[in-house]
Amino acid sequence: MIRGMSNLKESSDFVASSYVRLGGLMDDPAATGGDNPHKVAMLGLTFDDVLLLPAASDVVPATADISSQLTKKIRLKVPLVSSAMDTVTEARMAIAMARAGGMGVLHRNLPVGEQAGQVETVKRSEAGMVTDPVTCRPDNTLAQVGALCARFRISGLPVVDDSGALAGIITNRDMRFEVDQSKQVAEVMTKTPLITAAEGVSADAALGLLRRNKIEKLPVVDGHGRLTGLITVKDFVKTEQHPLATKDNDGRLLVGAAVGVGGDAWVRAMMLVDAGVDVLIVDTAHAHNRLVLDMVGKLKVEIGDRVQVIGGNVATRSAAAALVEAGADAVKVGVGPGSTCTTRVVAGVGAPQITAILEAVAACGPAGVPVIADGGLQYSGDIAKALAAGASTTMLGSLLAGTAEAPGELIFVNGKQFKSYRGMGSLGAMQGRGGDKSYSKDRYFADDALSEDKLVPEGIEGRVPFRGPLSSVIHQLVGGLRAAMGYTGSPTIEVLQQAQFVRITPAGLKESHPHDVAMTVEAPNYYPR
C-alpha cells in the first residue's frame, strides 16, 4: 500500500468539519444511494461555488501584507508563481516574475542543457555581486564575445589570462565600430590597470567607486589580481526599480525549475542544481505515485536544504500526507482544474479545487508545509479564495500566458492579438517537432508510448488574448487580492486563511458577474466568459 494513504472515514470526518466553515448548508453527502455510505467521499467545491464573507475590518488594502511562504524556507513578497508550461515560463518570464516579487518555474519540455542555461540566464540577470562572472580571454574573437553577450544579455566582459588574473575589460563601446569580427579581444579591450575593488567591498563603497569614476562595471579582485567578482551599476538601478524582487542571499533573482521522474530526471535535477536553481518541482499529473515520492525523497537526501523541493500535483489529503512524509518542502495541489487540462474528462479523475486545497491543507498544515494552489484561477478573486482555503501561494498559467513575457507565439485573428497557450498534456506538447524531442510525456506517465500517434492526450491547445506587459497583469491581480483582504479584515495572508466562505447557487454566481447590461468598455481585470 502506498505510504500516506488514509481511509475514507478519516476523509469524511474532515469534510464534515469543513462544512461549518463553508456555511453549514451542505446536505448529508452519504445520502447518495447504495449500501456504502462512504462511496461518495464528499461534496467537491471549486472557486465558482463559494464567496468570501465580508467581515469587520480596519484594513486598508494598500497596507495589507501579501507576503507568504512558497516553501518551508522561501517567502515571497507576492504570492504568485508562474506555471512550468512551455507557453508560460522561460527565462524572460522567470526574470519578470522574480522582479515583481513572485517567482517563475521554468518548464522542462526542452533539453537538459537548455533548461540549465535558462537558470543561468535568470541568475545572471542581476546580482549584488556576480561571483562567477562570464569572462573571455585575450585571444578570443570579437564574434565570440558578441555571442556571449547576446546569450547572457550583458554589455561587456572582463578579460582574464590563463591564471585567472584580470587583463582588461571589453564592452559594447569597444566593439561598436569594429567591422572585422575576427579581431582578437587583446586588440580592442581596455587594458589594465583598471579601477577595481578588493574582495569584501561593501555595497556603498562599490557604488561610490562607480560614481566617482563614472564607470558601469567594477571588477573585484583578490590580493593576487585574480578576478573574483563583478559589480555593475545596472544592478543598483534594478534594485531601485524593483524593490519587491525575490532574491537569494547573494542578491540574485530566485528561480525554480521543473523535473520529472523519467529517464533523464536525475541528471536534469543535478544539472539544474549546478546551474544555481533555487527550487526544484517534481512536476507530474499525479504525485501520489511511488516514483514521485521516491524522487522527492532522493532529492532531499542528496541536496538537503540547499535547494527546496516541491512535490505535485495532488488533490487528496492522503496524497499530500505522502509528499510531506517523503520530505517535500511544499505541496502543489491541482488535478485537472487548469483551463487547458482535460484530465477530468478523459480520465474522469480529479477533485474541484477548493475542496482539494482544503484536503491538502489538512495534511500539510500541522506539518508546517506550505500548499501551492495550481490551476483553475480565472480572476483575481479566485486567488483570494485559494489563499483563504489555506494555500500559501498560487501558480498561474492562463492568467499569464497572454503577457508579453510569455514564450507563446503571438497570433493575429481579425485584427486582434492573441498568444498561443497549450496544456502540457496536449498532443502538441507531448509530440516531438521535427528533430526536437518532447520531454513532457512523463508528466502524464506516457513516456512508454510505443509511438506518438498512440498518445492519449490530457490537454488541449488554444489561444488567449494578448494582455500586454506582465507588470500590468500582476498589478491587477495583486490589487484584487488586496481588496479581498480589506473586505475580510485580513492584514496578512495568514489571517486571510481564517476567513469564512459562503456557498452560492448558480443564481448567486450569475448575480456575481455583470448582468442586465451590455459591456461597452473592457475592464483590465474582468474578461467575460
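Glycine is no exception: its Cβ is also placed from the backbone N, Cα and C atoms.
For reference, Swiss-Prot has these:
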{"type": "ACT_SITE", "residues": "C341", "note": "active site, thioimidate intermediate"}
{"type": "ACT_SITE", "residues": "R443", "note": "active site, proton acceptor"}
{"type": "BINDING", "residues": "D283, G334, V335, G336", "note": "NAD(+) binding site"}
{"type": "BINDING", "residues": "G336, G338, C341, E511, S512, H513", "note": "K(+) binding site"}
{"type": "BINDING", "residues": "S339, D374, G375, G376, G397, S398, Y421, R422, G423, M424, G425, E458", "note": "IMP binding site"}
{"type": "DOMAIN", "residues": "129-185", "note": "domain 'CBS 1'"}
{"type": "DOMAIN", "residues": "189-246", "note": "domain 'CBS 2'"}
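Within the domain 'CBS 2' (189-246), the DSSP-based counts of helix, strand and coil residues read 20 helix, 16 strand, 22 coil.
For S512 (K(+) binding site), the same-chain residues 6+ apart in sequence whose C-beta sits under 8 angstroms from its C-beta are L51, I504.
Secondary structure at S512 (K(+) binding site), taken from DSSP and collapsed to helix, strand or coil, is helix. The helix, strand and coil residue counts that DSSP assigns across the domain 'CBS 1' (129-185) are 16 helix, 16 strand, 25 coil.
Ranked by Cβ neighbours within 10 A across all protein chains shown, the binding-site residues G334, G336, G338 are led by G334. Less than 8 angstroms from the CB of G375 (IMP binding site) sit N313, G334, G336, P337, G338, C341, Q353, M395, G397, each of them six or more residues away in the same chain. In the shown protein chains, 18 other C-beta atoms lie within 10 A of the C-beta of S339 (IMP binding site). Cβ neighbour count for E511 (K(+) binding site): 10 (other Cβ atoms within 10 Å of its Cβ, all protein chains included). Proximity of Y421 (IMP binding site) to non-local residues of its own chain (separation of 6 or more, Cβ distance below 8 Å) is seen for T87, V88, T340, G397, S398, A401, G402, A406, G408, E461, G462, R463, V464, given in sequence order. D283 (NAD(+) binding site) carries a strand DSSP state (E or B). Cα separation, S339 (IMP binding site) to H513 (K(+) binding site), rounded: 19 Å.
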